[in-house]
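The next block holds one structure in the form of C-alpha cells; read it before the comments.
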Amino acid sequence: MRTTIRGGHLIDPYNKIDGLQDLYLAEGRVVAIGSAPEGFRAEQEIDAQDQIVCPGLIDLQARLREPGQEQKGTIATETLAAAKGGITTLCCPPDTLAIIDTPAVVDLIAHREAQYQRTRILPLGALTQGLQGLQLAEMGILREAGCVGVSNGLMPIANSQVMRQAMEYAATLGITLFLYSRDPWLGIEGCCHEGIVSARLGLAGIPETAETVSLARDLLLIEQTGVQAHFCHLSSARAVRMVREAQTEGLPISADVTAYHLHLTEHDIGEFDSQCHVIPPLRSLRDRDALHEGLRDGTFSAICSDHQPHEFDAKLGAFPITEPGISGLETLLPLSLRLTQDDTLTLAEVIAYLTCQPAQVLGIEGGHLAPGQRADICIFDPHCHWTFKPEEMASQGRNTPFGGWEFQGRVTYTLLEGRVVFAAADETP
Amino acid sequence: MSNLQLDQNGQLRHFLSIQGLNRELLTRILDTAESFSTIGAQHVKKVPLLRGKTIVNLFFENSTRTLSTFELAAKRLSADVMNLNVRTSSTQKGESLLDTLRSLEAMHCDMFVVRHSDSGAAYFIARHVPSHVSVINAGDGCHSHPSQAMLDMLTIRRHKGSFPNLRVAIVGDILHSRVARSEIHALATLGTGEIRVIAPRTLLPRNVESLGVHIFHDMRAGLKGVDVVITLRLQRERMEGARLPSEREYFQLYGLTEEKLALARPEAIVMHPGPINRGIEIESAVADGPHSVILEQVSHGIAIRMAVMAMTMQIPVPEAKEAR
C-alpha cells in the first residue's frame, strides 16, 4: 500500500524535523519526506492538515494480561487500546501467568501479535525462573526467542547475591536489565505513600526508602558488574537524584517515569479513591516536581503508560484490598501533552520521550521517520479539546482516575508499517 | 470535593469520620447526646424516635463493647436491630463486601453500622448504599472511629467545660489507632489548646505533625501540665514485629503509672477507649483511681451513638436541657 500523509506538521526529534512536510510511505516503510519520489502514486491519502505527524509511540511498560489473566485484558483488546492511544510498539513485563520464562510463552505472545497486527509487542523475559528470585532464567534462550530484555517484574530479588549473579550473567550476554526498585520488606503491607495522606487516612504506608534502598543496592551492583540497566517507573525525588548522580559518574543506566506519576500526588487519593491505588504509590508534591525536573534535565529517557488493566471488581472494595494499577494506554499521549501546556517540556521533547528515546532504551529500530524506516506513525490533532470518558475506552480495563479530565490533543490516526490500525473517524460517536 | 457525610443542606447524612465536620456540627452532636444522656436512668429506658426503622450492625471485625453500645443505643431509640457478625458468615464463603451489602439492602434496612478491618471500608459502603440508607462508621482499619472520639469529647467537656484552654496528651500506639486519629481531628476541630502525642517512633505515623499535634517520645516530658491523658490499648500483635522489644520495657517507658501521672495537672482526668491491658499501658491503681473516667466513657458511648443515629436519620431531637 502506497500512502501519502499530506499537509501535516511533521515532528521527528531524532532526525530534527519540525515543520510542515508531506510523508510518503510504501511497502510498510517511509520512502520520502517533503517531495514525492519519482513515479510515486499513492493508493491512499491521509489529510493531516492542522495535525501533528510523528513516529508511532513506544511504550516501555504495558501489561496486556494475556496469557493467564484474560478477565483483565487480552492481547486483542489491549492492542486495540494501544492503537487508539497512538502506540505502535509496547514492551510487556514478564509477570504474566504463565510467566515469560520459557520460549513457549514468548511464542504465544508473538502468535497473538501476528493474529491482530495492531501493535508490535516486545516481551521482557524473566530474570529468574518463575520470578522467584532464586535461580536464573534462561536469558540467552529467551533473547533468541524474541525478548528485548530481562526483568523480575514487580517481584523483588531479596537475595543480593542472586541479583549480582543475574547482573553478571546478563552483562555477559549484553542483555539490558529492566529493574523495578522495591525493597521486599519496607512498606510490605503498604498501599500508599507513607506521608501526610497515609497519616490522615490510617493507610499503611510505603516509604520512599522502599524505592531508594533497593535502588542504592542495584546501583552499586551495576557499578560492580557493568550491566546495562533500565529503572522502571521511579516515583521519588531522591531516586531521581540518585540516578542523575550515577549517570554523571558514567554508569550505563536509564530510567523512565509513568505519565500518571507526573500528574497525580498522594492527595489525589482523596477519600479512598481506589483508582489512585498504584505501585509505586503516588507520592508527595515535592516528589512529583522532582519527576518533572528529571524530565527537564534528561535524567529520564522515557515516559511510559505502566498500563495495568483490571476487571471492574478489582477496584471495588476498601482501598487497601483493591488491586493497584491504572489502565493507561489511552491516556499516555494526552497526559504527556499536558506537559507542554504547563511549559515543562516542548512538544518536540514530549515526542522524543515517547518515541526515539524509548527506542534507544530497547535498542530497537524505530522511533523515527527517516526514509527506509518502518512506517509506524501517530497522527494527532493538537487543538482538539476533549473530555476523557472511561466508558469509551477500548481497553478491557477501565480503571482510571482520569475520567472527566479535560485534555488537549487527540489521536486521529495510527499506522503500523504503513497500515492504518486506528482511525478516529471510524469510531462510533 | 463534595462531602459524602453531609447532605446539600449541610446536615449529617452518614457519620464516617470527624474530618469534614465543622465545630458547629460536632457541638450539636455533643448537645444532642446530652439530651439523651438521662434516658438510661429513666424507668422506661426508651424514646420512640426511630420506631419502625431497621438498623443493621454489620461487624466484619469482633467487638463486644462497641457492638453492644450501638445495639443498646438503637434499642433505646426504639429501632429494630439486627446484629451480623460477618466474619463468620457470607464473606467466609467468598462473597464480596458489595454483595453482602446488597443482600441486606434487599431486606429494606435504613442504616448500617459498619466495623471493618480495612481503612476506607465505611466510605466504600456509604458510596454504594441507596440514598435513603445511612452509614455509621464503627471503626475502619487504622482510619477512623468517630463515635468513640465523640464520646471522649463528651467526657472531656463534662469534666473540663470547654476545649480552648486544655492540654491533652494521647499516649501509645498512635500508628495503628483509629481512635487516636479521630480524637486528634475532634480535639483540633473543637479548638483544643494543645494536642500532644506520646509514643516511640515505631508507633507514630510519619508526618503525624501534619495533623496538628506536638510529638513527645519522653512520657514524663509529654505529661507535664496536661489536663487530659488518653491512653491507648497496646495491640499485643504489634509486639511480635520489630516495633517494640517487650511489654516490660513498654510499660516502663510508656505505661501510665501514678508516679508519671503526678506530672500532669492535679485535676487531670485519665481516659482509655478499652479494653484495658492492665500492667502494660496503664497500671490498675490509675485505671481504677480517682482520676479515671474510663467507665463514664462507656456510658457516654450510648448517648453519643443515639445522637448520631438520630441525626443521620435526620429525626428532630428535643433540645438538650443543659446544652452548652
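Quick reminder: no glycine exception, Cβ is built from N, Cα and C everywhere.
Taken verbatim from Swiss-Prot:
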BINDING   B:Arg65, B:Thr66, B:Arg115, B:His145, B:Gln148, B:Gly274, B:Pro275  carbamoyl phosphate binding site
BINDING   B:Lys93, B:Arg178, B:Arg233  L-aspartate binding site
Fewest Cβ neighbours within 10 Å, where candidates are the binding-site residues B:Arg65, B:Arg115, B:Arg178, B:Arg233: B:Arg65
Cα-Cα distance linking B:Thr66 (carbamoyl phosphate binding site) and B:Arg178 (L-aspartate binding site), given in Å to the nearest integer: 14
Cβ neighbours of B:Pro275 (carbamoyl phosphate binding site) where a neighbour is any other Cβ within 10 Å: 10
Sites among the binding-site residues B:Arg115, B:Gln148, B:Arg178, B:Arg233, B:Pro275 close to chain A [C-beta, under 8 Å]: B:Arg178
Protein Cβ atoms within 10 Å of B:Gly274 (carbamoyl phosphate binding site), excluding its own: 18
Spatial neighbours of B:Gln148 (carbamoyl phosphate binding site) that are distant in sequence (at least 6 apart) but have CB under 8 A: B:Thr66, B:Gly139, B:Arg178, B:Val179, B:Ser182, B:Glu183, B:Pro273, B:Gly301
Sequence-distant neighbours of B:His145 (carbamoyl phosphate binding site) in its chain (C-beta under 8 A, six or more apart): B:Asn137, B:Ala138, B:Gly139, B:Arg178, B:Val179, B:Ser182, B:Pro273
Additional residues surrounding carbamoyl phosphate, by Cβ distance to the B:Arg65, B:Thr66, B:Arg115, B:His145, B:Gln148, B:Gly274, B:Pro275 centre under 8 Å: B:Ser63, B:Ala138, B:Gly139, B:Val179, B:Pro273
B:Arg65 (carbamoyl phosphate binding site) to B:Arg233 (L-aspartate binding site) - Cα separation in whole Å: 14
Assigned conformation of B:Arg115 (carbamoyl phosphate binding site) - DSSP reduced to three states: strand
Carbamoyl phosphate site span - longest C-alpha distance across B:Arg65, B:Thr66, B:Arg115, B:His145, B:Gln148, B:Gly274, B:Pro275, in Å: 16
Rounded distance in angstrom between the Cα atoms of B:Arg115 (carbamoyl phosphate binding site) and B:Arg233 (L-aspartate binding site): 18
Integer Cα-Cα distance in angstrom, B:Arg233 (L-aspartate binding site) to B:Pro275 (carbamoyl phosphate binding site): 7
